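Summarising the annotation, Swiss-Prot assigns ATP binding site to G117, T118, N119, G120, K121, T122, T123 and lists sequence analysis as the type of evidence. Residues or ranges marked as N6-carboxylysine in Swiss-Prot: K226. According to Swiss-Prot, the feature meso-2,6-diaminopimelate binding site maps to R394, D418, N419, P420, R421, G469, E473, an assignment based on sequence analysis. Annotation comment: Swiss-Prot describes 418-421 as motif 'Meso-diaminopimelate recognition motif'.
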Amino acid sequence: MTQTLHALLKAVGLPVPAGVANATVTALTCDSRCVGQGSLFIGLPGERVDGGSFWPAALASGAAAVLIGEQAAAAHPPAPGDSVLVVPDPVAFWAGELASAFWQRPSMRMELIGVTGTNGKTTTTHLIEHLSQACGRPAALFGTLVNRWPGHSLTATHTTAAADRLQAQLAEALEGGTQVAAMEVSSHALDQQRVAGCRFSGAVFTNLTQDHLDYHPSMEAYFEAKALLFASPYLVGEGPRAVVNVDDPWGRQLADRLGERAWRCSLAHEADLTMADLRMTSNGVDGALRTPLGEGRFHSPLVGRFNLMNVLQAVGALLQQGLPLPLLLNALPSFRGVPGRMERIVLTGSAAEDHPAVLVDYAHTPDGLRNALEACRPFVRGQLICVFGCGGDRDRGKRPQMAAIAAALADQVVVTSDNPRTEDPGQILDDVVAGLPADAERQVEVDRAKAIALAIAQARCGDLVLIAGKGHEDYQILGTEKVHFDDREQAEQALRHWR
């Protein structure tokens, strides 16, 4: 892929300096280490250093031109004659728009559905991918666990990738035959303009509960970051293009703002998308799904009321893209779930009833933990045991809240470490335990492996152990180091030693 710098700048409405107008751009990157001959380097501000300060190194590495923001230019002024373009901040916006233009606007040549919210993004995007594929529409998935499209799969490092990589991946997905793409869109990505250059033909709001208040100054700011996805320039197209959970108070506020642009979905009230005649068992749920385009019977193997909302929103989003309801409902039974989301741990060669039930889930917020525990309760014949912790260097306010929820909904609580990061693990546990009632059945074990083993060792047949917080993650962050750690492996090992 090559383009002239003149064409790229003109495509996004930036002025074209005479000195570099005829330069040919062969690659676009925001990483100075990846600059080669003919690259356009865009210097982005970072947490510790401003990437714009690396413009001399980028030019020395052969960059055709460099683009930096006004703040970086003030700190590291380029000399007259340098191939450095200074643009208004935030430079991240221009990075996304230029990357999109360089790759020929890939998001506008597919049906890109963005999913945002505190909980439910991963399951909803996986559902959209699965249902699209089952309906004969090749699909891509961009999210917390994986970025994949036909013929390609790559473990994700962030919920939403940086703009230069994201646009390149969208272009590659398009080349691979993708027609529908489901993307998890985090509040950080929206606030930091990582999805600049994307045009979404559909958007889903799952819910908003306390999380990331170490980053956002308030819940209102957190909401407004999420709401950016549903406004120009991101959400495009005529007619209803959004699916919003109005059982959530923030969702009701968003739906009121969007008006006829949104389909409202609810499990509690009349809405555009609803369910009725529900029958829940350990094998999933059966019921009727009602939409503005008709209704039908469905079966889903997913357990838990919160998963019903994920199903409702995935079906609604794809209906808005023109997929037929009968095909979508027929495809639901074959969706088996997402790794680390209410994942059952069963020993090979052993019947499930021969040992305590063990589930691993990613629940790491107050609402997520409540949903997971409530989903478990109908299937517990004995005691419900909850193992959980809270991440370090993150929102401290949710720690006592999660403890109170665990104590209220579980019979026994084992408090342990999650990802302590650079915070004192003992202090994190103290913050959590402060939320436990004095009479709560609790044990505290800072070593997560020992805590999992302890919970499973004391469980009996008929009990259920929920290990919450890390889900699919196969690492633990201790200090600044990532070490291998997988709740599923630890649970399986503990089950092998269970009496």
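Including glycine, each Cβ sits where the backbone N, Cα and C put it.
Note that the structure is predicted; figures quoted are calculated from it, not measured.
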By a Cβ-Cβ criterion of under 8 Å, what residues six or more beyond either terminus of the motif 'Meso-diaminopimelate recognition motif' (418-421) are in contact with it? 364, 388-394, 428, 448, 469-470, 476-480
Spatial separation of K226 (N6-carboxylysine) from R394 (meso-2,6-diaminopimelate binding site) - C-alpha basis, Å: 19
Around the recorded ATP site (G117, T118, N119, G120, K121, T122, T123), other residues with Cβ within 8 Å of the Cβ centre, ordered by sequence, are V115, T124, E184, T206, N207, N310
If you average pLDDT over the motif 'Meso-diaminopimelate recognition motif' (418-421), what do you get? 97
Let me check the 10 A CB neighbour count of E473 (meso-2,6-diaminopimelate binding site). How many other CB atoms are there? 21
Euclidean distance between Cα atoms of T122 (ATP binding site) and D418 (meso-2,6-diaminopimelate binding site), Å: 20
Can you tell me how far the Cα of the residue listed as 'N6-carboxylysine' sits from the Cα of G117 (ATP binding site), in Å? 7
Spatial separation of P420 (meso-2,6-diaminopimelate binding site) from N119 (ATP binding site) - C-alpha basis, Å: 21
